[in-house]
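Visitor: Swiss-Prot lists Lys93, Lys203 with the feature N6-acetyllysine. The phosphotyrosine annotation in Swiss-Prot covers Tyr190. Feature annotation from Swiss-Prot assigns repeat 'Solcar 1' to 57-141. The repeat 'Solcar 2' annotation in Swiss-Prot covers 154-238. Positions annotated as repeat 'Solcar 3' by Swiss-Prot: 255-333. What Swiss-Prot records for 45-57, 136-155, 233-255, 328-356 is topological domain 'Mitochondrial intermembrane', and it gives sequence analysis as the kind of evidence. The topological domain 'Mitochondrial matrix' annotation in Swiss-Prot covers 81-115, 178-212, 279-308. The annotation transit peptide is assigned in Swiss-Prot to 1-44 on the grounds of experimental evidence. Residues annotated as transmembrane segment in Swiss-Prot: 58-80, 116-135, 156-177, 213-232, 256-278, 309-327.
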Amino acid sequence: MFSSVAHLARANPFNAPHLQLVHDVSGPRSPPGPPRRSRHLAAAAVEGYSCEFGSMKYYALCGFGGVLSCGLTHTAVVPLDLVKCRMQVDPQKYKGIFNGFSITLKEDGVRGLAKGWAPTLIGYSMQGLCKFGFYEVFKALYSNILGEENTYLWRTSLYLAASASAEFFADIALAPMEAAKVRIQTQPGYANTLREAVPKMYKEEGLNAFYKGVAPVWMRQIPYTMMKFACFERTVEALYKFVVPKPRSECTKAEQLVVTFVAGYIAGVFCAIVSHPADSVVSVLNKEKGSTASQVLQRLGFRGVWKGLFARIIMIGTLTALQWFIYDSVKVYFRLPRPPPPEMPESLKKKLGLTE
């Protein structure tokens, strides 16, 4: 299965810009078919890539980039996440960000702000592995199904479909640790560490304790990830087209990473807004026993599900920007192929009468 996916990825339309880098315009046009792959290998050699686009090594390193980008960033903002969760589950006590920090410091001390760091690190590292690794796989797979012209015309829909598919599996890996994290952060005296929380949760509710929140996590994370990837991809495309004063190929690696960070932050703001209501439901659901998502949603009401939005915008905006920056930096460090924003295929230009 994986070998067939790798084969499809090597020939997918997103890879076309790299093939054009080594095209000799003075010579005769190469025939279609097998030579395409050899041209790509030549491009990889010219660029000094460590692996071939679409190879198993490529996907593995993309997954590793996801581990670092999600695991490290989510762990770094645990204090803000803790206060946000407490505002969602007990708005009468925690009335705002600064008030929440003040009460937490007074009751739990500085160490209390780090509650839930272990399940956060483990859970989001596993999620990042699946999210970024599978996104690259599904993007290549779906683009091959659509073909070169349709991939360009429907690229936003492709980004949405690939990211939703990847996040579906990523959340199955995340859900158990997310449930433990919320228990540790929002139920005083329940458990102080992951080692205390997991056995206690299993004893009380069995496996259901770890996966009862997976549907709300899907509700929160799938729209979030769809927005995160699609908005990022199109923002990068727009920045290079309308803002950056020179082509991407002429930008240094550092300049490209700055564009990545800016596009990531813009995407993060939209992500926070789209996913916040479901995030509020998840926080309350994992705190309470026996409640369902619909019951929690009905009880919170419209205003209740938007509690803590400002904190989430700050957190998710910064988080998303850093995640894309780290992920792209990993690609640069390991010398992975980094295709530029997609360009309209020549065949489509001819159909639309855009060629001379």
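Numbers here mean position along the shown chain, with the first residue as 1.
Placement of Cβ uses the backbone N, Cα and C atoms for every residue, glycine included.
These figures come from a predicted structure and were not determined experimentally.
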Visitor: State the count of C-beta atoms found within 10 angstroms of the C-beta of Lys93 (N6-acetyllysine), not counting that atom itself.
Guide: 11
Visitor: Under DSSP, the topological domain 'Mitochondrial matrix' (178-212) has how many residues in helix, strand and coil?
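Guide: The counts are 25 helix, 0 strand, 10 coil.
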Visitor: Quick one: Cα separation, Lys93 (N6-acetyllysine) versus Tyr190 (phosphotyrosine), in Å?
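Guide: Counting only the Cα atoms, the answer is 18 Å.
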Visitor: Using all protein chains shown, find which of the modified residues Tyr190, Lys203 scores highest when you count other CB atoms within 10 A of its CB.
Guide: Tyr190
Visitor: By DSSP, what is the split of the topological domain 'Mitochondrial matrix' (81-115) into helix, strand and coil residues?
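Guide: Computed counts for the topological domain 'Mitochondrial matrix' (81-115) are 26 helix, 0 strand, 9 coil.
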Visitor: Below 8 angstroms Cβ to Cβ, which residues of this chain, lying six or more residues outside the topological domain 'Mitochondrial matrix' (81-115), approach it?
Guide: 74, 182, 184-186, 188, 192, 279-280, 283-284, 287, 304, 307-308, 310-312, 315
Visitor: Which residue counts does DSSP give the topological domain 'Mitochondrial matrix' (279-308) for helix, strand and coil?
Guide: 21 helix, 0 strand, 9 coil
Visitor: What's the CA to CA span in angstrom from Tyr190 (phosphotyrosine) over to Lys203 (N6-acetyllysine)?
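Guide: Answer for this pair: 13 Å between alpha carbons.
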